[in-house]
Amino acid sequence: MSNTRIAFIGAGNMAASLIGGLRAKGLDATQIRASDPGADTRARVSAEHGIETFADNAEAIQGVDVIVLAVKPQAMKAVCESLCPSLQPHQLVVSIAAGITCASMKNWLGAQPIVRCMPNTPALLRQGVSGLYATAEVSAEQRDQAQQLLSAVGIALWLEQEQQLDAVTAVSGSGPAYFFLLIEAMTAAGVKLGLSRDIAEQLAEQTALGAAKMAVASDVDAAELRRRVTSPGGTTQAAIESFQAGGFEALVEKALGAAAHRSAEMAEQLGK
Ligand SMILES: NC(=O)C1=CN([C@@H]2O[C@H](COP(=O)(O)OP(=O)(O)OC[C@H]3O[C@@H](n4cnc5c(N)ncnc54)[C@H](OP(=O)(O)O)[C@@H]3O)[C@@H](O)[C@H]2O)C=CC1
Ligand SMILES: O=C(O)[C@@H]1CCC=N1
């Protein structure tokens, strides 16, 4: 990445996380540029990361090696079609938009090398995880550029099939929100059980952090770690039995199925 030049189209939450990760990894500010219609957004990323920003997308991509499409899925068609006349054949397009297929992007962009990926918001703390899929036009060097871009903000995992990105979106793209929901619910339950909100929130947050760190660091799987907390006839068993009686696993499967289905549905609705 030492000489790679990157343009971000859309400078919102995910773009800012990726830019922050790249800068922390040592990329020079002159290697990164971003475009966004919002003057405030442009001023913010410019001030935070020292990069040049543009109101015009076509101007932002001039002379870059990698173009990261970081706009909402609903804006992708218009953005791709407006960029198409200005694209150079060697420029790698990396899309982070949920539910927009490579086939749709090819229709809008032409035969451009495309990597489609799904990061997540912990990228902000360089603790993200991404799934990546490359089209046949992507060279080994471009694959490496995409790998380095996403691994600047966490773990980057390549997928064999593009369709698997629907599942990645369901598990890890949307996943931070599920853990936040659990933290919210555990905090509220702690308050009902007599704790102050501040104490309940700290207990829930630090427990989520500690459990995640244990799961990552441990040689054994999550089921074994759970068993080690669960003393026979004790408090954890009482809670786990209550979760399972309420259909916890089936509910999680249903929720992630809904997310994956929505990802595929968005491809149908927004991909034409
Ligand atoms: N948030 C998440 O957890 C994740 C999001 N994603 C994907 O990342 C993408 C971006 O999401 P996120 O960063 O959350 O969204 P944001 O809304 O924060 O960022 C998108 C930015 O693009 C700008 N924009 C809108 N139209 C254009 C245009 N024509 N040209 C250039 N910029 C434009 C928006 O400006 P304005 O607000 O003025 O419209 C906004 O600043 C989405 O496609 C989403 O599916 C992927 C993984 C996780
Ligand atoms: O909710 C969404 O559609 C996006 C994609 C993954 C996370 N946020």
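Here the Cβ of each residue, glycine as well, is placed from N, Cα and C on the backbone.
In the three-state DSSP assignment, the secondary structure recorded for Ala11 (NADP(+) binding site) is coil. Contacts of Ala11 (NADP(+) binding site) defined by a Cβ separation under 8 A and a same-chain sequence distance of 6+ are given as Ile19, Ala34, Ser35, Asp36, Gly38, Thr41, Arg42, Arg44, Val45, Thr53, Ala70, in order along the sequence. Here TrEMBL flags Ile9, Gly10, Ala11, Gly12, Asn13, Met14, Ala70, Val71, Lys72, Pro73 as NADP(+) binding site.
What TrEMBL records for Asn57 is NADPH binding site. Neighbour density for Asn57 (NADPH binding site): within 10 A of its CB lie 23 other CB atoms from the protein chains shown.
Residues or ranges marked as domain 'Pyrroline-5-carboxylate reductase catalytic N-terminal' in TrEMBL: 5-99.
Look at TrEMBL and you will find 162-266 tagged as domain 'Pyrroline-5-carboxylate reductase dimerisation'.
When the binding-site residues Ile9, Asn13, Lys72 are screened for a Cα within 10 A of the Cα of Asn57 (NADPH binding site), the ones that qualify are Ile9. Taken residue by residue, the domain 'Pyrroline-5-carboxylate reductase catalytic N-terminal' (5-99) breaks down under DSSP into 44 helix, 19 strand, 32 coil.
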